[in-house]
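Data first, discussion second: the structure below is written as C-alpha cells.
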Amino acid sequence: MHSGMNDDMQQQPVPAGAKKTTAEIHDRVNARLKAQLGQDAFASWFGRMQIDEIGRGTVRVSVPTAFLKTWIRSHYADALAAIFAEEVPGTLRVDVAVRSAVRGASLPSPVADDPAGAAQAAPMSTKAAEGSPRQAERDAARPSGGAAEFGSPLDGRYLFSNFVEGAANRVALAAAKAVAENGPQSVRFNPLFIHASVGLGKTHLLQAIANACVAREDRPRVVYLTAEYFMWRFATAIRDNQALSFKENLRGIDILVIDDMQFLQGKSIQQEFCHLLNALIDSARLVVAAADRPAHELESLDPRVRSRLAGGVGIEMAAPDFDMRKGILEARIQQMHAEDPSFRIESGTVETIARRVVGSGRDVEGAFNQIAFRHSVGQPLSPEHLDDLLNSITRTGGEKRVRVEDILRFVSRHYNVSKTDILSARRTRTVVRPRQIAMYLAKTMTPRSLPEIGRRFGGRDHTTVLHAVRKIEAERAGDPKLGEELDLIRRMIEE
Ligand SMILES: Nc1ncnc2c1ncn2[C@@H]1O[C@H](COP(=O)(O)OP(=O)(O)OP(=O)(O)O)[C@@H](O)[C@H]1O
C-alpha cells in the first residue's frame, strides 16, 4: 500500500504566526502532492501547475492545457482542495485555469461547484495552451508512470509479475500475456473477453495488460476504463457539448481495455459503445473486456454489443485453490514489507488465512488488508480477533456479499443526492458528506482495498478514501447520533 499519507504528515510545520510566501506554499503543496501521488503521477499532472493568486478564500492555479485542467478537476479536485485548505487556512475553493499563450493571462474555471460551466469555458479542443495543445495533451496523457490517455489512471501495482498463476486462471493469463506481447496486432484474440465471479482477478489482469501495453516500444495509445466510467464520461461530454471530441478521442486509440461490462446501461450509451466497438475491431485495434459472466449472459447489454463481444475469445477464470491463495498472500506481504520493513505476519497466520478463506483473491486480500490496516494504526490483531475476522469473512460469502454499488445506491437514496454527484468532483458539503460516508461504509462493509474503493468513487486516490474513513470514524466515536445513522444505513444495505 502506498504510504503517501504518512510521508505527507511528516512534513515540517511552518511555525505558528509565520506568514508563508506564495513560493513556500507552492513548494509545500508540491511536496504533499508528490507524497500522495508518487513522483511520476505528480510530474505528469502537477509538474506544470502554477499558483496565480491567493486571496479572499480562493486559490487560483493554472496549467498549460485544457486537458490537464480537465484531468485535475476530475481526478484530483478533492486532494488539491484538501491540501490547499491545510496550507492556506481559510481556503474555500481552488480554481483551476488554462494558462493563455499570452503570458500571465488565464481562463479561470472552478474546480468545485460548476464542472459543466468550467468545461465549457475551455473545452478540450480550445487552443488556449502554449505550444501545440494537441501535443501537450498527448504528452500529458503519456506520463512515464504509465497512466493512459482519457481513461482511468492505471494502478502500477497490477502487473503480470505479481499475478499469481494457478489452474484457475492459467488460460486467461496466457491469453492476456499474448495480447500484451502482440499489442494492437493481436487480431487472433480480438476482442478478448474475460469473465469471472467477483474478486477473482479480472481487474488485476486487465490492468496488467494495460500496464504492459503502455510500456511497449511502439507506444500504443491505451485506454483503460470501467463501463461505469465510460457512461459517466459520455453523459458529461453530452452535457458539455463535447460528445464529438469524446468520440474522436476514443476512436483514435489503439487498445481499449474495459472492465465491469455488466454495468453498461442506457440505450444511447450502448449504441455509442457499439459504434466504438465496431470501429475499433474493424480497424484492427485491440479490445479487451471483462465482466462477471459470459458475454452471451449479459442480459442488460444491447444484443449487438453482446454478440460482438461473444464473437471474440471468451475465457473464464475460476476461484483460487489453496496454493494460489497462499501465493496471493505472500505476494501482498512482500509488497507491504518493501513499503514498511517493520511489517510482520506469522507464517502460521498465512496458512490459516489461505486454508479458511476459500472464496476469491479479494477475500484473501481483504483478510490481509484488515491485518495490515490494524498494523498501520498500531493495533495488531490478536489471535481471537483473527478468528473473528476469518469467521466474518467466511460467513459473508456468495450472494450476501455487499457491493460498493449497493452502498452507493442506498447512500444516495438516504441523503437524496445522485450517484453521479457522489462520483463527481463536486465539493459542496451536501455532496462531500454522503461521499465520505459511502467511502467509510465501503471500507467497513466490503473487503475492498483503499485504491479499489478510490477507483469505484470516480477514480479517486486511495489517500482521499483513507481521509474519509478516518474522518467518519473519528466523528462517529464522538457522536452517537451519527453512529445510529450509520447503523441504520448499514442494516438497510444488508437487508
Ligand atoms: N491470481 C491473482 N494473483 C494476485 N492477486 C490476485 C489474483 N486474483 C485476485 N487477486 C487480487 O484480489 C483483489 C481482487 O481482484 P480484482 O479486483 O482483480 O477482482 P475482479 O475480478 O475484478 O473483481 P470485481 O468483479 O468485483 O471487480 C485484487 O487486489 C487482486 O490483486
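Along the chain as shown, the residues are counted starting at 1.
Quick reminder: no glycine exception, Cβ is built from N, Cα and C everywhere.
From a predicted model like this one, the values you see are computed outputs, not experimental measurements.
The annotation ATP binding site is assigned in TrEMBL to Gly199, Gly201, Lys202, Thr203. A coil conformation is recorded for Gly199 (ATP binding site) in the three-state DSSP classification, outside any helix or strand.
Taken from TrEMBL, the feature compositional bias 'Low complexity' applies to 112-123.
Under the heading domain 'AAA+ ATPase', TrEMBL lists 188-316. Taken together, the residues of the domain 'AAA+ ATPase' (188-316) have an average pLDDT of 88.
If you look up TrEMBL, you'll see 403-472 marked as domain 'Chromosomal replication initiator DnaA C-terminal'. Across the domain 'Chromosomal replication initiator DnaA C-terminal' (403-472), DSSP classifies residues as 52 helix, 0 strand, 18 coil.
Look at TrEMBL and you will find 1-22 (among others) tagged as region 'Disordered'.
Feature annotation from TrEMBL assigns region 'Domain I, interacts with DnaA modulators' to 1-118.
Per TrEMBL, the feature region 'Disordered' maps to 109-148 (among others).
If you look up TrEMBL, you'll see 376-495 marked as region 'Domain IV, binds dsDNA'.
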Enter the number of other CB atoms within 10 angstroms of the CB of Gly201 (ATP binding site). 25
Note the Cβ centroid of Gly199, Gly201, Lys202, Thr203, the recorded ATP site, then list each other residue of that chain whose Cβ lies within 8 Å of it, in sequence. Ala196, Val198, Leu200, His204, Leu205, Ala290, Met317, Ser360, Gly361, Arg362
Residue with minimal Cβ packing [other Cβ atoms within 10 Å] among the binding-site residues Gly199, Thr203: Thr203
I'd like the per-state residue tally for the domain 'AAA+ ATPase' (188-316) from DSSP, helix first, then strand, then coil. 67 helix, 24 strand, 38 coil
